[in-house]
Each structure stands twice: as C-alpha cells, then as structure tokens.
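What Swiss-Prot lists as phosphothreonine is Thr3. Positions annotated as N-acetylthreonine by Swiss-Prot, on the basis of sequence analysis: Thr3. The transmembrane segment annotation in Swiss-Prot covers 57-81, 122-143, 166-188, 243-263, 279-300, 435-459. Under the heading [CaMn4O5] cluster binding site, Swiss-Prot lists Glu355.
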Amino acid sequence: METLFNGTLALAGRDQETTGFAWWAGNARLINLSGKLLGAHVAHAGLIVFWAGAMNLFEVAHFVPEKPMYEQGLILLPHLATLGWGVGPGGEVIDTFPYFVSGVLHLISSAVLGFGGIYHALLGPETLEESFPFFGYVWKDRNKMTTILGIHLILLGIGAFLLVLKALYFGGVYDTWAPGGGDVRKITNLTLSPSVIFGYLLKSPFGGEGWIVSVDDLEDIIGGHVWLGSICILGGIWHILTKPFAWARRALVWSGEAYLSYSLGALSVFGFIACCFVWFNNTAYPSEFYGPTGPEASQAQAFTFLVRDQRLGANVGSAQGPTGLGKYLMRSPTGEVIFGGETMRFWDLRAPWLEPLRGPNGLDLSRLKKDIQPWQERRSAEYMTHAPLGSLNSVGGVATEINAVNYVSPRSWLATSHFVLGFFLFVGHLWHAGRARAAAAGFEKGIDRDFEPVLSMTPLN
C-alpha cells in the first residue's frame, strides 16, 4: 500500500511513479541538472545578500545615535560595530557612514548574484558536465565530491582569516575589555598556543567552565580564527588532492540527499552553538551593542543596590538577608566572595564593569568600599533595567525590577531564532538522513504497511 494521496497526478509530464517524488518536492527536478541547480543556489545567495543589504540600510535609516543599539531592535548594526566600524570609546557610535557603505555594497552584490541566478536557472546550460567539466559532477563520484568539499573548506578558511586581517591590520575590532569601558583596538599579541586554544574544546560545558563559549579575551578569539582558518585551508587542500579511503567509501552514503543531510546536521550544530554564544558571551557579542546577558543584568541589579545601600550606611560585608545568607555578599561553595541573593546562581559571570572590583578570592570588600567608579555605577544601572527577558508584547527585563525598559533584547532575538532554526535543521537532518539511508539500502518506499504491528493490536476503545 502506498501512502500517497494521489499517485496518478502528473505535472509537467512528471508523475510520482516514474520519478519517485511527489508534486510538492519541486527541488527534485534539479537533482541531476547541475546547471539549473547552480542557478537555484546562486539565486538563493542573491536573496540572502539582498536581505542583508536592505535590512542593513533599513537599520541605518531608523538608527538614533543617542540611544543604545540594543534598545532599537537592531541585529545587523551591532555586528558591524563589533568589527570596529563607526564606533569609538565606550561603544559610542561616531560615524554611521560605514554602515551605509556596507548596505550599499550588499545590495550591489545581490544584483550581480540575482542576475547570475536567473541566467543559470533560465538561460544557461541545463547540465555543466559537457561544456564545463570542472564545474560538472555526478553525485556518486566520490572523488569529485571530496574535491568540492575541499573547495568549500578553503573558502571557509579564507573567511576566518578575513576577521584576523581586520583585527590585526585594518583598524582593529571592538574590545569590550579595553580599560575605562571598551574601545576599538588592533589585536597585537595573538594567542597561538594550542594548549590554550584547544583547551577550550576540552572544558566542561557547565557553570564556571563553559566550553568554548567561555572565551573572554579577543587575543584568544582572533588566535582561534588563525587556527581554524589554517585547519580549514589545509583540510581543503587535503580533500582536493586525495580520494576517500576505503573505510569512508563504505561508511558514508554517497548521494545528493545524503550530502544534504550532512549539511543540515552541520548547520544545526552551528545554530545551537551560536545560540549559546550570543546568549552568554559578552566578549564576542559586546553588551554595549547587544545589551547585557541575563546573568549580567542580574549581577548588575545586585551591584546597583549594593552601591545604593552602602551609601546609605549599610555594612555590605556583614548584612544578613532574609534567608540567613549574606544580603549583598556571600561565599560560594568553593570560598570566593560573590553577590548574595537570587543572583548567587550567576556567580560565574565575568563582565568588564565588574572585574576591576575582584581580588584573588572573588569580590574584594575593600575595593567595593573605596574603588567603585562612576562609569561602573552608570553601566550596571543601565544593564539592570535592560535584562534580555520578556516576550514580544511584554515589558522587557526582570519581573521584580520596577525600572525595567519596554524592549526586547537582540540577545533574545538572536538566541531564540538560532535555537529554533537549529532545531528545525536538526529535524531536517534526521529526515533526509533516513531517506538517504533507505534509498541506499533499497527500501525508500517506507515500511511495509501490511505487516505493521499496530494492525494486530486491539482498538483503543
């Protein structure tokens, strides 16, 4: 028995019996038409780049320099600012022209890609194998597939090195840890030690460790891009020059749908990692542009009230809270001094406005009494009222914070969207992997419904 609604439907001379695909799987037409598939990919790239350029110009047109970026619903300008364009000390925007240039360059690029996509989809050769053998391929050709993989890896490596070049030679990048509250600087002293760079990969993902998401200085981030770019380029050269070994030929499925499933799996992993990075990391995603992280807003609230009550005469070192623990300060299980109250669970936050007040054993009481600077108070009060919480129609911020501002943080947008997209890509990976494996094993029509277990079970009622 087939699971079709209408197996006899024929569209454009195709039907399900002869092609193995239903009418709604339109992309299946392109599986063996490398020229048309190229057109679809180039046109898709054009749409992506058009969105980037148009959205970029939209954000520039709506941007108000007097308000922080994270209060304005911006998701592209913070990325440009993080790369050091248009900003000065403290993350203040001093020039929006670079943002305008970025938008226009992307729009022009999208026109070129759009023309190429339409050309290859409608006018160019249906298949590339005959006229352009270098660009042609057959999905089963394992050697050609690993060559294409190698070319992609080299392009990714070049992309990683573009960030390195920007940080080292072309004006530098924004460093939220620069003294006095952040600034654009060139990265001079790269971290290239493999024990440091790969040490991040070996860390636990949990509190106080945080795997690669715990990276908190730009030297490590840019050094990591040197390593990653080098590995991608060397791996790319390797895959271009070699043929797959016997174990790889046996272990992997070599079909277009299998490659689709591998790609979806990889993108899913990227999405989940990006979600954690933008939610927790305030070095790669500086709080000046993206707003504070959740832990940062919570710790900022504790710090703000510590400052207030200390001015009013409270002894913040010994005041007891309603639970019998310290009201403002307490000790973590391992002995360091941390903020007390509900924010104790965020004890492992590191932020540029707070670190100067730490000593060798956590927060330093004498520094808290004598060394708090006005910029630290201002920044923590600002972050306290801008927690990345709240849904689209709610007042953003901590529910108990009466001064919270009505906004939705770009951290919420970016973390949520990447989690959801990562999840859907993962489901797509499972779906296409299952289909590809079934096709390779020769039973792509699904399980035989005549002998399904449910048929021999008693009715539920």
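Note: Cβ is positioned from N, Cα and C throughout, glycine not excepted.
Highlighted: of the candidate stretches 122-143, 166-188, 243-263, 279-300, 279-300 has the greatest count of Cβ pairs under 8 Å to the transmembrane segment (57-81). Comparing 122-143, 166-188, 243-263 for CB pairs under 8 angstroms to the transmembrane segment (279-300), the maximum falls on 166-188. The residue listed as '[CaMn4O5] cluster binding site' counts 11 other C-beta atoms within 10 Å of its own C-beta, drawing on all protein chains shown. Counting only same-chain residues 6+ beyond the ends of the transmembrane segment (243-263), those with a CB under 8 A from a CB of the stretch are 31, 139-140, 142-143, 145-146, 428-429, 431-433, 435-437, 439-440.
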